[in-house]
Structures are given as structure tokens and as C-alpha cells.
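As recorded in TrEMBL:
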COMPBIAS  11-33  compositional bias 'Low complexity'
REGION    1-37  region 'Disordered'
TRANSMEM  47-69  transmembrane segment
TRANSMEM  93-112  transmembrane segment
TRANSMEM  124-144  transmembrane segment
TRANSMEM  216-235  transmembrane segment
TRANSMEM  295-320  transmembrane segment
TRANSMEM  332-351  transmembrane segment
TRANSMEM  360-377  transmembrane segment
TRANSMEM  397-417  transmembrane segment
TRANSMEM  429-449  transmembrane segment
TRANSMEM  461-483  transmembrane segment
Amino acid sequence: MAREVGKIQPQNSSRRIISNQSSSASNSSVDSANSDKMRKPLLDERWTSILYTLIVSLLYVTAGTMVGWSSGTFRRSHGPGAEPLALPLLDNWSISLAATPAIIITVTACVVHRCYHWIGTKAFLLTASLLAIGSSTLEAYGLTFWSASAARILAGIAAGIAFTLVPSYVDEFGSATGSNGPHRPPLNEILATAFPLGVLLRFAADLLPLPADPTVSALVWGALPTFAFVGLLFLPDSARFLCANGRVAQAAAILQRTHEPAAQPALQECLARWQQPGPGLVEALRRQANFTLTVPLLALFALQAFLGVLPMLFYLAGLVELAGEQAQSPERVATLLVALFTLAVPVSRYLHASRLQQRPVLVLSAMLIALATLALGWHCHERRTRSLDLAELPSEWPLYCFALMFVAYAVGFYRLPGTLLAAEVADENLLALRTVATAVGWGSVYLGVRLLPVLLRTIGLGWVLWNVALVALSAAGLVLLCLPAQYEYAHKALAGGACPSSMTSSVCSTGSSASPVASACWPCSTTDQSSDAPQHYSYAEQRTPGEVLRGPELV
């Protein structure tokens, strides 16, 4: 029995060792699972991209308050019994104050694009928020023309930085998801709604009995850029900027915060493409080469201003008063119109679900603007030429016509020119051509803001609106004659793919024989799905003649 017990003891000890090993293995697996749960972020990729967009969109809200400042300031009385300053009676100094930010945005856009690769997106956006804070302070405490001019210059620089860099920065949050993908978060809608929301906040604030204390005013309007500055401190830098400076691994880790693991192959293509130096403004136009399409697309941005809606925002309360709206106060009607404009922007997302509908929507938008301005122009012309002894009857025509004009503009020409530009321009040229479009658009806004009071004094509001109707009809003709139909687009997104349409010209290879599916490009048809952040990048050394050039691969 002693021998048998002695024989059994080693077996029990070996079993005890195995059980200890299994228990330690199970404990280690549990610990690793717990550590994975601890490392998991609070927000998933979709909500992270939405949060980032909400933070940077505060700069667009601040730009909207800069536009809304003009109308409220010029309407505000300068004395206890003074009447509001009428729009046609504005002097050259007041018109200059209103138009200064538009020309500053035009110049700033070109300068920012020139210095972008040296400074970076995050540093520029932080600078924009600080300039917006300084602008709010000067607007509150500046009691002279020169202090107000300095405030408007700072506001224009801040808005120019935002309009130049924020759209491309937001595109990186969904760069591998596709512009019309079913799972793409509404990033563009958030950004587009932010600008009219800022105008609405400024218009609505003029209706509230806020104290006239400069400190309160500075705190109220400096809060938005302050929140943007604090939020930007926690946001990562642009992945495109990091790739251009050789920090590819850091850029990939940033992109994985806003992209699901299934998008890894497309992220590799983005990383490889962004390592190439970006072209200048003139070089991007030369590379695009197709001037018969590029020039009409850029002309749409000039027509955005000459359709009159953006310049009207600078003087909207005065225009409503000239149009004869008597049922409500001009300030209240102007606030209502901007509220309709703000609500129509996110609702128009359902009309832009397919690029097949963008060309008809642009034409319909221009026709509705022409109809509204023709009717409103006739009403204003009749009111101006009517005998003074006739009783002025209250009329709702100005409100209806202005509402139709703003809603039609929000549905069509407010967003679709930028959408078509992003769809047709190659990805490496998109940042430069967006800068050109910003300069063209806001340079046209400057001309409109400067000329509008002069035209009102010379030809009257009715003739101004009739000229706007002619511009709207010309815009409809430009869309029909110069923009090709959907099936004729050179860089259209291939059916069934998940690549953004702006990438297809440089990423997708339609003549490739390696893929059996002719309607899919490499990032869309690849089944490789890597999981976590990459630790090492290597380039594929051997490629078949029909294979698309790949970027850095995860190993």
C-alpha cells in the first residue's frame, strides 16, 4: 500500500500542476478581457466623428454670428429717441464695416492654404478661435469706427481659416466610408447647419432684452469660440497633415478612432495618397485639366453670392422693412426667415441622397428663387410707384416670397456646388480647389454687400430683385448647359463601391483585370479587415501590372 500510495502521489501532483496552469490561464484570459474592456473608448467610431464635427462646427457658428452682427448693429438706435438707421441711408463707413469680413475671408483662404503644411490644421483652428474671442471683445468694448474695423478684420481672419480647413478636416472623419454610404454619420449636415445657426443666434439675441453692458456682450459672444478652443485642445491634428510630415503611424491611429475595422483597406489608400505633397492653387487647376467642367463648378460659387441670399443676410431687417412687411416688426420677420433657412438645411439631406438628383435640384432651386424674386420685385415696385394718398393695406407677400427664396436657396445652391466639387475633383486637388472656391464665393459676397445699398439708392429694391431673378435664370441655364448629366461624369463613384466619389479618379482602376467585378475598386472589394491600431507599416514590393498601387499595409 505504501508503494501504491507512493505511485499515486506523483500523479496527484501533476494533476495539481495542470489545474494550477489552467486556472492561471483562465485568470489571465479574464484579466485580458477586463483590460480590453477598460481600453475600449466610451464612444464608438460613429459618435466620435460626430463629436469631433460638433466641436469644429462651433467655428462655423461663430462665423454666422459675424454675418448677423451687421443687420442688428445697423438697426440699433444710437440714442434714447433715435430712429433705426434705414438701409438706403447707410454711409460708406457702415457699408465698409459690413463688407470687410468678406474680403478678409478671400485673402485669408489663399494665405492659409499657402502656410498649411508648415503650421498644421489644429494650430490654425486654435488660432481662429482665439481671434474670434478677440473679435467679440473688441465688438463689445470698441466704441469707435477703427476698433469696430479691427474687430471685423479679426472675425474675417477667423472665418477664413475655418472655411478653408474645416471641410477637409471633417472629410477625414469619414474618408473611407463613402460620401453616400448608408452608415456614414451626418457630418456634412452638421457643418452646413452651423453657419445659419450662428446667424439665427445673433438675430434672435437682438429681440431679447439683454443688458447693454459691454462685459455681458463680450462674455455671451465670446463663449462660442471659447468652447471651440477648449474642445480643439482635445482633438487630434489632421491625418493629412501628419502624413505629409512623415508621421504615418500616428495618422493611422487617429483615423481608426473614427472608422470601423472594416474600413482598414480604404484607410491604407488614404494614408498612401496623403503622403504626397499637395499642389498649389494654380497647379491644382492645371492638374485637374478638365476646364469645361471645373470652370462651371467654380462659377456656381460666384452665383451663390449673386443670387442675393448671402448679401441679404447682412441687411435682412432693413430689406424686410423696405419690402413693406407690416404685420410684424422687421427684426422679428428677419429672425423667422433665418430660422426657416436653418431648418431647411438639414431637411434637404433627404433630397441629396443620390447624386442623380443633384442636377435637377439645382435647376429647380434656381427657378424657385427666380419666381420668388420676380413676385417680390413686382410687389416692391408697385408699392414704390403707388400714390401716397392710398391707404397702405397690410400684406403678407414679402414674408411668403422671402421664405420661398431662402428655403429654395437652402435646398439647392447653399450646399450642392460644394458637393459637386467634392464629387468631381480628384482627392489630391480637392483642398486647393476648395480654397479657390472659397475665395471666389466670398469675393463675390464682398461685391454684393458693397453694391447692395448703392443699388437700392439708385434703382430701388424692385429692380434689384428683378436682376436677381435674371441671375437665377442664368444659373439654371449654366447647370443645364455646362454641367453634364450623371452618366457623363468623368469621376463619378462606381456602383456598389464604398469609396468617396472624390477618390475614384485616383484610387479606382476601371481597366484592371485583377478584379472580376468591374464596378468595384480595390479598397471597396478587398476583404482584408485588420483590427487594432497598426504598429508597423510596409509597402508591397511586388505588384501585378493590372493591380492598383497600394498604400501602406498593416502587418
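Glycine is treated like the rest: Cβ placed from N, Cα and C.
All annotation found in TrEMBL is predicted automatically rather than curated by experts.
Within the same chain, residues 41, 101, 125, 128-129, 132, 135, 139, 152, 155-156, 158-159, 161-163, 166, 169-170, 173-174, 185-187, 190-191, 194-203, 221, 224-225, 227-228, 231-232, 235, 257-258, 310, 313-314, 338 sit at least 6 positions outside the transmembrane segment (47-69) and bring their C-beta atoms closer than 8 Å to a C-beta of that stretch. Note on the transmembrane segment (216-235): residues 52, 55-56, 58-59, 61-62, 65, 122, 125-126, 128-130, 132-133, 136-137, 139-141, 158, 198, 205, 210 of its chain, located 6 or more positions outside it, place their CB under 8 angstroms from a CB of the stretch. Just going by CB pairs under 8 A, the stretch in 295-320, 332-351, 360-377, 397-417, 429-449 that sits most against the transmembrane segment (461-483) is 360-377.
A contact between the transmembrane segment (397-417) and the transmembrane segment (124-144) is absent, since fewer than 3 of their C-beta pairs, 6 or more residues apart, lie under 8 Å. Highest Cβ contact count with the transmembrane segment (429-449) among the listed stretches 295-320, 332-351, 360-377 falls to 295-320 (criterion: pairs under 8 Å). Nonlocal intrachain contacts for the transmembrane segment (360-377), taken as residues 6+ away from its ends with a CB within less than 8 angstroms of a stretch CB, comprise 300, 307-309, 323, 351-352, 397-398, 401-402, 404-405, 408-409, 411-413, 416, 461-466, 468-470, 472-473, 475-476, 479-480, 483.
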